[in-house]
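Single-structure report; data block below.
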């Protein structure tokens, strides 16, 4: 067997896969954050909590209603998206005319409420969620063993990110979204109901978080605090990528996940902080972020 | 077609329109003249509901616009070309052109629009804001023509443009008039306005102070000079 | 003459109002101090010390958001790291309390300089996100570095003898020392806000491009404000480590950063007394809730939501607003 800088390839590729999985979640979450931020100017601090809610919805559906993984993959994002619609309509909407920081504070409060309520109800220990039958097992690729479910998560996340990118950058609906992000007043003056678009954008953005939650459920345990620390890494990802670009969010998310994986192999102590160090470096060199535009 | 009665408008606390009254007949081209800050753009914005704190009455084809949801106003057939043109930089020329939804039948086709504004032909994939100022103005007008709007609000279409481009815009506006569009035009450049308008409303300090039919423009030149302070 | 007199009256009124406000402030400060001196005879000193530490922490945070318009979402990094350094200095290096607190405060200042230099490159929401991310890095360091003892934290920190004279194991002595530290910190904030430096900060908050065009190097002002705020937050954390004889991970979590935001928001951003009121309320509420079965984060979250939606001026801000309206 060959070795790479003294690291057995099994370990290296194993960590890379793990990094890629984390990266998939970073990409899905930062994509949602970027879409929401573009349209609402709100940094959605509740994003991690809603990711957790997505995982819990899947778990609750399975445990209490007997609805399995595949329907949950559709239902949970829809439920989280609907929850987002309600939050936007009843609360966030009132804050568009005041300093954008209040949107951040409001969603921080919401995150505390969701995480606190789920912890109160379900405790801090994680709930296991089984891998669906279709995706059990794995394949030996020669240089590493690839568990089917993990391959699915990476592939499906990239597919969803790609589809979102296509929808925003290449379709009529996406043109409305881009235009309304730039100049909502004028888009409204063309006869488009912008407030509804704003609600739907928030709903869609958090639905992506809910989807990530369902995908994560079989890998990590379903835990009320699963999104609490993740979301901050995602914030760093967003700062590194720059808020301006959809593609930037996706590429940065995946790239940083991989980088974390590599760090875990060569210098595991630093793996938790490598993203933040990169953020500091990027801020020094290009404050607007790798794909961002200076405003 | 458009009838405004004692319209008052506010930006937050500040009162910017003090009882504007005017009316526009079908097929007319009417200009709003006046100095900076006289309330011309605010009048336009209050028709579209962008200036939302309003009192009084604005009727379009008999329908009251005040109190109507903002996105429904354009759907009655009113097209708005803002002063800053509002070309979207994240959209291509084609995307900009086809962005406003078609609200009524009888709008121009893209081919007809390209005949009217040949500059826009073959530029479809260019980023909207890469066009020159004049081309952006043409695009801003062009995208309204597709929608089937019958009343067009043009806010300073000639601002900052070279004379040769202004001429081109003038040709286009006359072509639109010939097609039966009703046009309300805000202009500082009243020489340009005189070449296309039927009537001129003069605004001062947030209300209409005078109305001059275009054929009496020469007789009223002195008065107009005083109004505009030129 | 006739044109001048109304302006003169106005100026006179404003002057009288200003001096009236100054008298009010002085009265409030004196009254507050009196209450603080008597309080330990009526309430648990440890509880009061907790209030004072968090009040200082909130004042430090408020210096940035309220007077420089910079919203840090990572102030727990300074609070917590100073607590760790002070605890380590007192316990392992056996430094006396005054030096231990000084070491903690100094470490927070250094950290503040580093974070501030990075964060002030962006404004508004980005600033908040960057400070949040940087503070999360401190959290992971605290989790992993050997001297912080991971999940256990640094426990049984000796309070020691202040200046070799005052035995801090006596809770009354400890209380008055904490009160002295708080008063010093509060006075520093008050002095900063009312200095020419504070005026420039306010100008930057209102309109940064204009301040730049007036020739101010706004980056430097913001950085100094950031370091000052970080140091004071550190001083609060350092004091807290001695009071509770503990430095733990709780002090560096982002929830802690959020808590100080809430205290300031609840009391009133940009008011001098707001953070003190907010800290007292939140600490009281938390110790009350701890005895019930209600989930604390949910209640705190609800207060957050209510404050943001309907109560953005905060308690002191609303009172001030009410008085100003009445005097009109």
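Backbone N, Cα and C atoms are what each Cβ position is placed from, and that goes for glycine too.
It should be emphasised that the depicted structure is a prediction, and the values quoted were computed from it without experimental measurement.
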Given ranges A:129-148, A:149-168, the stretch to which TrEMBL attaches the annotation transmembrane segment: A:149-168
Stretch contact, the transmembrane segment (A:200-220) with the transmembrane segment (A:266-285), Cβ-Cβ under 8 Å, 3+ pairs: no
Close approaches to the transmembrane segment (A:12-35) from elsewhere in its chain (Cβ under 8 angstroms; 6 or more beyond its ends): 4, 43-44, 47-48, 51, 143-146, 150, 153-154, 157-158, 160-161, 164, 168, 177, 201, 204-209, 211-212, 215-216, 219, 230-231, 233-235, 237-238, 241, 243, 245-246, 248-262, 264-265
Residue numbers, six or more beyond the limits of the transmembrane segment (A:68-87), whose CB comes under 8 Å of its CB atoms: 46, 50, 53-55, 57-58, 61-62, 110, 130-132, 199-200, 202-211, 213-215, 218
